[in-house]
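Swiss-Prot lists Gly107, Val108, Ile109, Gly110, Asp111, Thr131, Thr132, Lys144, Lys153 with the feature NAD(+) binding site. The Zn(2+) binding site annotation in Swiss-Prot covers Glu186, His251, His268, and the record cites sequence analysis as its basis.
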Amino acid sequence: MAICIPVNLPDRSYNILIEKGSLANLGGEMSQLSLGKKVLLVSNPEIFDYYGQIAVNSLEKAGFAVFTHLIPAGENYKTLDAIAQVYDSALAHRLERSSTMVALGGGVIGDMTGFAAATWLRGVNFVQVPTTLLAMVDASIGGKTGVNHPQGKNLIGAFYQPKLVLIDPDVLKTLPVREFRAGMAEVIKYGVIWDAELFQQLEDSDNLASFSQIDGELLQTIITKSCQAKADVVSKDEKEAGLRAILNYGHTIAHGIESLTGYTSVNHGEAVALGMVAAGAIAVKLGMWTAGENQRQTDLIEKAALETRMPPLNADEMVNALTADKKVKDGQVRFILPTAIGQVTISDRVTPTLVREVLSPTESGQ
């Protein structure tokens, strides 16, 4: 039975549908949304090989005319040049304002497809079909779209909500173990910032490190709870005027790590895990939460088989990278810091000196 989570917004409300096997009914779900008949399905070659034909068959069965555009996998393809190629496909297939771009893939595909949809003809319809755990619980929900700039991650983008987010947990069976663990970092994040009960469930679970070992019912629960947390926050603050900033917990340091490692050696979820470790250590130093709570967070991250020790990075370069973060206000880097399991706050008390201390090898992971 499908779980339906509404994202309630003033102008563009939509539903998150979670159901095993639901990819085969993508066309049926979209046919209820009064969309035009043309669909541009955007994916990467590997995901398309696994699931593209299921999506295409479902869409065509529902009467849609389907065209495809494939983008090579990887954060280094998240560029304006790649977006221009999506535009070329949209032009070649004569997409209209009533047409729909469907993102079938992970966070990179979702971000790029959403940005292309937001900007082509000043906005065409957009549907998210996430195929990674990270995209299911985070990137596909909330309307953040965009691409990277050489100087920073997601600096070019727009808020543009999808018409539908369709989540089929069955597609996770082909997700590489490393990517599954990356998604668990975002799940843990929701436990720290919003849902102490979810955090406790994760602590009590037997295995979090792979799809093949995690309990199927638990997986459905953590996807649902994570989506509900994201939907609750986005419904209250669509464009990050205040509350929504808490979703960036761990991301300030994470984006710096990704930038300094060239978006190659450390993936987004791994960087978020390291960012949460750093934020937790900063919060302890500022007296905002206890060493015991911080250790619980570190232990849970390690339970998901995620690294908690910083890679060798130049602390000064990291501090400089933080100044390009989107959360900078009046030149001051704002950190999301934990105050208890299930609660965080926005702080401007974090100095460059404190960041350097936490990033030093003797401090990281503590």
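Here the Cβ of each residue, glycine as well, is placed from N, Cα and C on the backbone.
Feature annotations (Swiss-Prot) mapped to structure.
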{"residue": "Gly107", "record": "NAD(+) binding site", "DSSP class": "helix"}
{"residue": "Thr132", "record": "NAD(+) binding site", "DSSP class": "coil"}
{"residue": "Lys153", "record": "NAD(+) binding site", "DSSP class": "strand"}
{"residue": "Glu186", "record": "Zn(2+) binding site", "DSSP class": "helix"}
{"residue": "His251", "record": "Zn(2+) binding site", "DSSP class": "helix"}
{"residue": "His268", "record": "Zn(2+) binding site", "DSSP class": "helix"}
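Other than the site residues Glu186, His251, His268, same-chain residues with C-beta atoms no more than 8 angstroms from the centre of those residues' C-beta atoms, the Zn(2+) site, are Leu134, Asp138, Ala185, Lys189, Gly250, Ala254, Gly269, Ala271, Val272, Gly275. Note: the CA-CA distance between Lys153 (NAD(+) binding site) and Glu186 (Zn(2+) binding site) rounds to 17 Å.
For His268 (Zn(2+) binding site), the nearest of the binding-site residues by C-alpha distance turns out to be Gly107; the candidates were Gly107, Ile109, Asp111, Thr132. Summarising the NAD(+) site geometry, the residues cited as binding it (Gly107, Val108, Ile109, Gly110, Asp111, Thr131, Thr132, Lys144, Lys153) extend over a maximum Cα to Cα distance of 21 Å. A separation of roughly 12 Å, to the nearest angstrom, links the Cα atoms of Gly107 (NAD(+) binding site) and Glu186 (Zn(2+) binding site).
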